[in-house]
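Step one of this worksheet: look at the structure below.
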């Protein structure tokens, strides 16, 4: 593209101990009555206390809202927005994975708007956001979604997903502290980590890629490739957690500015129809989508192979692109995620409905370097079911 639109959140604190910046930022924003939106499990294990205790010690009024579930349905979004509207809050803090952060963004913005959440959905909504809403601070506790730096809130519908998206959803402050991720269990570490990798990979091959997003994406891939396996094997590995937090943050910035594409388009129906975690949906499809589009972006796939730790010095560009797909397959397997749709209990009979839903994700599909039509999408799902990489001429 000739002119790139580059957007970053106003302010981020990134690094071990970054949570120490929370109280100063709350003071700077002039808040008094704070709504914290978080996962109930994070309250149970005491992690949310690390956020709320310093605030209460400073005399702030803090209400903790925990009606948060993974892959939140539209109804959950409506409830969070209604709660934010009814309260007299002047700041929203999101603490958790992508679901909690997405709900926090949604509640903060729609708290000052009329109508339902459904009115503002990307695919079917009829209204547009007109006001910034309440200030928001986003604090991720996983290294994967990148929600703390994007302007999107994802909601599950009956069989697929839709989004509310506008720059008003951007955080006023993002606080990325790797020490908050140390307690994340291996499977979640793996799923969110591959989610971050997918963000970087898809941003790098996106038709909207720019030199800025390219630099962010490659740096993210390097960090994730060297540290995700370590973080899965040993959650207390401080350097691995630091690398993953930074990698996820950079990947989030990359895909926010370049966009994600086919992997996410095909992953959304897996979550909508079978309630598979978003990161795992991306992970199982990543090698198959990238293998299918490989011929349309061989140079970039070769670059990704090198960023993953490969060495293409003695390989042709085409050979390196093949090796990239193989490495992505190996990476997903190494962190323990099933390599086929059947591994998640998805029957072959579901491929038709998955295809019909994925075709509707035009916003995502438009960014693919290879236009993916209905037949292409069906071929990729069939490949992911069979566990065999296919390309268009072989499909």
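Cβ from N, Cα, C; glycine included.
From a predicted model like this one, the values you see are computed outputs, not experimental measurements.
If you check Swiss-Prot, you get these features:
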type    : residues                                  : note
BINDING : 98, 99, 100, 101, 102, 141, 142, 143, 144 : NAD(+) binding site
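Known features from Swiss-Prot, placed on the structure.
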residue : record              : contacts (Cβ under 8 Å, 6+ apart)
98      : NAD(+) binding site : 140, 142, 144, 145, 146, 147, 154, 278
100     : NAD(+) binding site : 37, 38, 39, 42, 68, 94
102     : NAD(+) binding site : 72, 94, 147, 152, 153, 154, 155
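Residue 144 (NAD(+) binding site): 33 other CB atoms within 10 A of its CB, across all protein chains.
Largest CA to CA distance in the NAD(+) binding set (98, 99, 100, 101, 102, 141, 142, 143, 144): 15 Å, whole number. Mapped onto three states, the DSSP output places residue 142 (NAD(+) binding site) in coil.
Counting every protein chain shown, 25 other Cβ atoms lie within 10 Å of the Cβ of residue 142 (NAD(+) binding site).
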